[in-house]
Amino acid sequence: MRRKLAAGNWKMNGLAEALSELNELTVTYGEAPVDILICPPATLIDRASEAAEGSAVAIGGQDCHPKTSGAHTGDISAEMLRDSGASHVIIGHSERRDDHGESSALIAAKATAAYDAGLIAVVCCGEHLSTREAGETLPHIGKQIAESLPDAATAENTVIAYEPVWAIGTGLTPTVEQIAEVHDFIRAELIARFGETTANGIRLLYGGSVKPSNAAEIFATSNVDGALVGGASLKAADFSAIIDALVAA
Ligand code: PEP
């Protein structure tokens, strides 16, 4: 049985006062039957980790550099994230792939850095609308997964998030049939590469405009083990409703 995961990506949002939303979550979820993850901006990881200590909420970074240290102004290493109290890191979010030109090869190097630092990598994939309209979604996802996952990926160190780019922050979501098609495909690709035991342990999250009103239906979908949530993770009330839907699924 894969343990479900509700992950929140705060992106470039949140000053110190945003920690009150995290505090609300830690009070509500001192314990939980699912995993809960909040990825605040790097500036808050230290304080968020302290605030979440002893609760069911884990803290993660939103990106890391493939190297451990060096002359890389503005970057942050996986080791630094770990040192700040993070246990996870999002890798290859479409906003990194698009805004920073990140290739799948670079993402695989970042995932390796995450493993080396003892972090769980949440590796993202997803198609643009033009790719979907061209009927190329599955080959595109297959290529991204093949090139972004290191051979060292395991059920313990890797989570995959399928996030159609056209659904992120737009309020648009794929049909549950479309989500199931991609998630079933990813599972089959993982089985072909890593074998049944490893592949069946890797959690597959859906991401893209998940909100309290659509969470239950998404969580009932084949091979969906949770969600990566952007906008609706910023408010504890909304994210709690999503966590509760995951618990109930
Ligand atoms: C995301 O950026 O990972 C995301 C899924 O955003 P949103 O939930 O706002 O669509």
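Quick reminder: no glycine exception, Cβ is built from N, Cα and C everywhere.
Any TrEMBL annotation is an automated prediction that lacks curation.
Just one of GLY30, GLY169, GLY195 is listed by TrEMBL for the same substrate site as ASN9, TRP10, LYS11, SER209, GLY230, GLY231, and that one is GLY169. Cβ neighbours within 10 Å of SER209 (substrate binding site), excluding its own Cβ and spanning all shown chains: 21. Of all the binding-site residues listed (GLY230, GLY231), GLY231 has the fewest other CB atoms within 10 A of its CB. A coil conformation is recorded for GLY230 (substrate binding site) in the three-state DSSP classification, outside any helix or strand. Listed in sequence order, the recorded positions from TRP10, GLU163, GLY169, GLY231 having a Cα within 10 Å of the Cα of HIS93 (active site, electrophile) are GLU163.
Spanning the residues ASN9, TRP10, LYS11, GLY169, SER209, GLY230, GLY231 that the record associates with binding substrate, the maximal Cα-Cα distance equals 14 Å. Note: the Cα of GLY230 (substrate binding site) and the Cα of GLU163 (active site, proton acceptor) are spaced 11 Å from each other.
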